[in-house]
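Visitor: I'd like to ask you about the structure that follows.
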Amino acid sequence: MSNNLEGKGDNNISKAEEVDSQPDMAATSAAMDGVAAAALRSVLQRVHHAAERSGRGPNQVSVVAVSKTKPISVIRQVYDAGHRVFGENYVQEILEKAPQLPEDIEWHFIGNLQSNKVKPLLTGVPNLAMVESVDDEKIANNLDRVVGSIGRKPLKVLVQVNTSGEATKYGMEPSGCVELAKHVSLDCPNLEFCGLMTIGMPDYTSTPENFKTLANCRSEVCKALGIPEEQCELSMGMSNDFEQAIEMGSTIVRIGSTIFGAREYPKKKSN
Ligand SMILES: *Cc1c(COP(=O)(O)O)cnc(C)c1O
C-alpha cells in the first residue's frame, strides 16, 4: 500500500539523531509511542480488511492489544489513539499496571491463572472485563466464588482449548471443551460463558488445523448449550497469524508485538 515510502523513514531518524549528542529519553520514548499508535492503526486496517474478506463487518472482530512487558507510557499512547481493550498474562504485572491507567480500559487476562491469584486479580483490577484462559473446573469454581464474594458484576470468561496437542501447553483438550463450557454456563452463576480461546504453536504461528479445531469445538459447544454460534466468541490469532485466523472465523485477536514492538525478554517463561 505504501511502497513509495520505503527507506525514507530511516533517513529521517538519522537526521534527528544529529541534533543532540546526548540521548534524549523523552524524545526517544515519544518516538516509540508514535510508532505504537501508527502500528495500531495499521493493525486495525488489516483486521478490517480480513473481516471483510470473511464476509463480516469491521466491528465483528475485536482486537486485544497485548501489552505484557511494555511500559505504561507506551500503553497510554495506544489508549490515547482510541484503543480500550488490553491484555496481560501475568497477574503481578496487571496488578501493577491497571491502577496507573484509565478505568475505562477493558482488561483481558490471557495467561495461566493459579487459584491463589484469583482474589488479588479480581480485587486489584475492578475493570477486568474477561478472563480468556479458563482451562479447568477448579479455576472456574474459584473465579465464580470470588466474583460472588466481592460482589462485582458477572465475569466474562472464555474456555481455553489446547488445539496444538502439545503437552506443555495450557488449555483443555478439545474432547473436554463441551463439558467445561457446560460447567461454566450451568454451574457458575457469577461467570458468563462467552466462547473459546486458543494459543497456536509455540512460536505463536498457528496452522489452519489449530483454528479448525477451535471452530469445531464451537460447533459442539453451541449444539450442547443450545446457543447460536454468533453468541460464542472465538479468540484466536496473534501477531503472526491474525489475518488467517479472522478469515477462519476468529472474533477476537490478541496482538502484542505487531502493535508494541518485539518484547525484550528471553521467550521461555511458562509461569
Ligand atoms: C503474548 C501473547 C499474545 C500476543 O503475542 P504476539 O505474537 O506478540 O502478538 C497473545 N496471546 C497470548 C495468550 C499471549 O501470551
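Glycine too: its Cβ is placed from the backbone N, Cα and C atoms.
What you are looking at is a predicted structure, and each value in this text was computed from that prediction instead of being measured.
OK, TrEMBL features for this one:
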DOMAIN    57-263  domain 'Alanine racemase N-terminal'
MOD_RES   Lys68  N6-(pyridoxal phosphate)lysine
REGION    1-28  region 'Disordered'
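Could you tell me the structural context for the features on the list?
Guide: Across the domain 'Alanine racemase N-terminal' (57-263), mean pLDDT in this model comes to 94.
In the three-state DSSP classification, Lys68 (N6-(pyridoxal phosphate)lysine) falls within coil. The Cβ of Lys68 (N6-(pyridoxal phosphate)lysine) lies under 8 Å from the Cβ of Gly87, Glu88, Asn89, Tyr90, Glu93, Gly256, Arg263, each of these being in the same chain and 6 or more residues away along the sequence.
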